[in-house]
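Participant: TrEMBL lists these features:
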TRANSMEM  61-84  transmembrane segment
DOMAIN    76-357  domain 'G-protein coupled receptors family 1 profile'
TRANSMEM  96-122  transmembrane segment
TRANSMEM  142-163  transmembrane segment
TRANSMEM  183-201  transmembrane segment
TRANSMEM  227-250  transmembrane segment
TRANSMEM  280-299  transmembrane segment
TRANSMEM  337-359  transmembrane segment
REGION    401-433  region 'Disordered'
COMPBIAS  412-433  compositional bias 'Basic and acidic residues'
Amino acid sequence: MDLFNGSSSDYDDNCTYPLSSLNFLPDFNVTDIPRLELDWPCEVRTYWVQISPFVGAVKFLLTYVTTIIIIIGVTMNTLSFLILNSPPISHTSLSVFLRALAVSDNGALLFNFATGVGRSHIPSFSRLYLESVWLCGANKVLVDVFLFYSTWLVVGLTVKRLLVIGCPMKSSFKCTVKTAKRIVYIIGLTSFSIALLKLRYSGYEQDSTFGFKPCKFTPANSDNKVVYVYIALSTWLPCLLIFIGNILLIRQVRLSNKARYELSADKGAVKRFNETHRMLGLLITVSVTTLVLMFPLGIVETFELYWDFVLIKKPSPQGPANQQYIKWQQEKLLLKWVRGLFFSIYQWAFSTNFFLYCLTGRKFRTAAKNYFRNCARNPCWKLKFVSGSVTRLRHQLTKLTRSTRSTTEIEMESRNNNRKIDSPEMRNEEKSS
């Protein structure tokens, strides 16, 4: 049977806007028209045309602005990682969290946002996912693991810093580099384990605002409700913990400052104590930025979850049920693209950390200046790789020199001993004895 795109000349439809006005529908044949007209009544098609300018603006953000975010984010996150990996700040627990956050943010930018843009605009790239079960499954996992990992790294850093300030005398709460690495590894393994659950469900793969064709390897009995709940909890729970953690953190710092001011006779010590808490400005700025950008997305996703699975309506040919279904379908379309709008805003959380570090972190600014100064003297790739090679070569030469020196000393001692034995003095001593 011949396929066509549902133009008004091919079938009898009294609606002003044919089914072809719904540009997100796949190609359909004649037998599909009655079902599609029932699923997408004329009022819904008219509403779609009315909100098309808003949809076009969101698509523009998710295509061109997202591309700019990806370029800026990958560049700045890589630069942040290199600076945080340079002494003296590389030996702090905070740098461990921030280095992991830079790597995770780059993973989210590449495997989530860049992949979404590529699948929606490059047919050959999209075809790879449509034809490969393994690639489709790996994409489902990678799309969520980095988003989840980045969010919970901020949560873990906030909670750990709160415990350190709230209980400074307990050694178990002391945030050392070793402890920070353990927390980072635990969050990573947990995020990966939770992301593996996506292999059983399709989630937003079937209803992505990027507009790419979904994978066809979804299990037949998958319940997408679980995925929507998972996505809602992955935003609401981190937002709640970040908000409560920052409130308690600020309160604890104020109480500590007040107590130290009352008990200390040296007011300069209080000033120096306050300066030690300036690093909290960086942490609070990063966590609050994540909270502000994530919170609207969590609200929309939760309301969309409630609308899709609690207030769900079935299509009906006529009567009050039909009017209720039309209203439900119109709101469903609007909620999807409102989600796309806030998702495009949320993407900035993965590309602005470098600027936040420079704005609030004095040690980071100093380390950045030193790093750029060293790069100006020597190319950065030489500074990174050649210096490492020289260091390793120098170490090997030192070991070789030590071993050669020890061998030479032994030979010299043996020769001196032989000379002493063969000397006339030693012979006379032997005769006299």
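A Cβ is built for glycine as well, from the same backbone N, Cα and C atoms used for every other residue.
In terms of burial and nearby residues, how do these features look in this structure?
Facilitator: Within the chain carrying the transmembrane segment (96-122), a Cβ under 8 angstroms from the stretch's Cβ atoms is held by residues 62-63, 66-67, 69-70, 73-74, 77-78, 80-81, 84-85, 129, 139, 142-143, 145-147, 149-150, 153-154, 156-157, 177, 180-181, 183-184, 188, 208, 210-213, 347, 350-351, 353, 357, all 6 or more beyond its ends.
Among residues of the same chain six or more beyond the transmembrane segment (227-250), those with a C-beta under 8 A of the stretch's C-beta atoms are 144, 147-148, 151-152, 154-155, 158-159, 161-162, 165-166, 194, 197-198, 201-204, 280, 283-284, 287-288, 290-291, 294-295, 297-298, 301-302, 304-305, 308-309.
Distant neighbours of the transmembrane segment (337-359): 51, 54-55, 58-59, 61-62, 65-66, 69-70, 72-73, 76-77, 79-80, 98, 101-102, 105, 108-109, 113, 150, 209, 282, 285-286, 289-290, 293-294, 296-297, 300-301, 304, 365, 368; these residues of the same chain sit at least 6 beyond its ends, with a Cβ under 8 Å from one of its Cβ atoms.
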Participant: Determine which residues of the chain contact the transmembrane segment (280-299) at the Cβ level, with the cut-off under 8 Å and only residues 6 or more beyond its ends counted.
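Facilitator: That would be 94, 151, 154, 157-158, 161, 165, 232, 235-236, 238-239, 242-243, 245-246, 249-250, 253, 339, 342-343, 345-346, 348-349, 352-353, 356-357, 359-361, 364.
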